[in-house]
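*Asks:* Look at TrEMBL and you will find 35-115 tagged as domain 'DM2'. Here TrEMBL flags 165-295 as domain 'Plus3'.
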Amino acid sequence: MGGFVWMEEFTDGPPLFAPASSSKRKARTPRKQEFAGWGSTLLIEFLQYIGTATTNKISQRDVTAIINKYVKDHNLLHPTKKKRVLCDEWLLPLFGRKTINRIRIYDLLEPHFAENKVGSDDDFFDTTDDDEDNNAYHRQKCSASDRKCHSKEKVFEAPKSCFAAIVPDNIKLVYLKRILVQDLVKNNPETFESKIVGSFVRIKSDPNDYLQKNSHMLVQVTGLAQSSRPNGIDTEILLEVSNYMKDVCISMLSDDNFSKEECEDLNQRVRDGSLKRPTIVELEEKVQALHEDITKHVGT
């Protein structure tokens, strides 16, 4: 399927799963996250350090508010880039980077909550946050008692619980044109649902949506439905898609490539929380399921 690198989407930097040949960035490897009850050891120690009781669980949103107050009280905002936070000796082990985007604190806290653990893939995955830092990245091993860190270079291996970047190079691997969807219905009816659910298709934007600037939009197929044809006998397969009120007929799908702007719009909807962010394992499984069909279709 060609060489590519999967990376998680935590920062506002370059695409995080992209063709390996086009990226020189390296990232830190995951290390096992240790938990002390409802939260990670690092998070619990930080909260106890600032005098916050940790006997009862604190929500991810409340911890975000606590950290924002800590940042304000300790004057940790970047002097010129007000949206960035300078991590001190407590925030650095917690987030694994020297600076972070303030609005991403909530997302960066996700791996520190036991409820967010996914199987055996509950690693804490560090990525870099400064584009100008092109040196090799290191894994820091910090002891809870003395905060002494030792660095060790590692080859990047992304944990499957990380998120995949919403960029054209990724989406095109799971994007289905109308003619291919029609072929799947006709030639592979028994596997049609498993293949199409989770893929992306392109439809005309709702003309009543004044926030939509593009004539078409990318949507993710979330399920299937059926409706009766006018003759009352035959049925028609409909697609249930994200961010669209009505079910979609296959004939309504676009047969053209999507644009960069449409992919950016999709990414914005993911960031806004109106569409679930796909994980690496979800997108990778869908790529494997559709690769042969998409390749055959391109070759015809």
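Just so it is clear, glycine is given a Cβ too, placed from its N, Cα and C backbone atoms.
Describe the structural context of these features.
*Replies:* Computed over the domain 'DM2' (35-115), the whole-number mean pLDDT of the model equals 91.
Taking DSSP states H, G and I as helix and E and B as strand, the domain 'Plus3' (165-295) has 54 helix, 29 strand, 48 coil.
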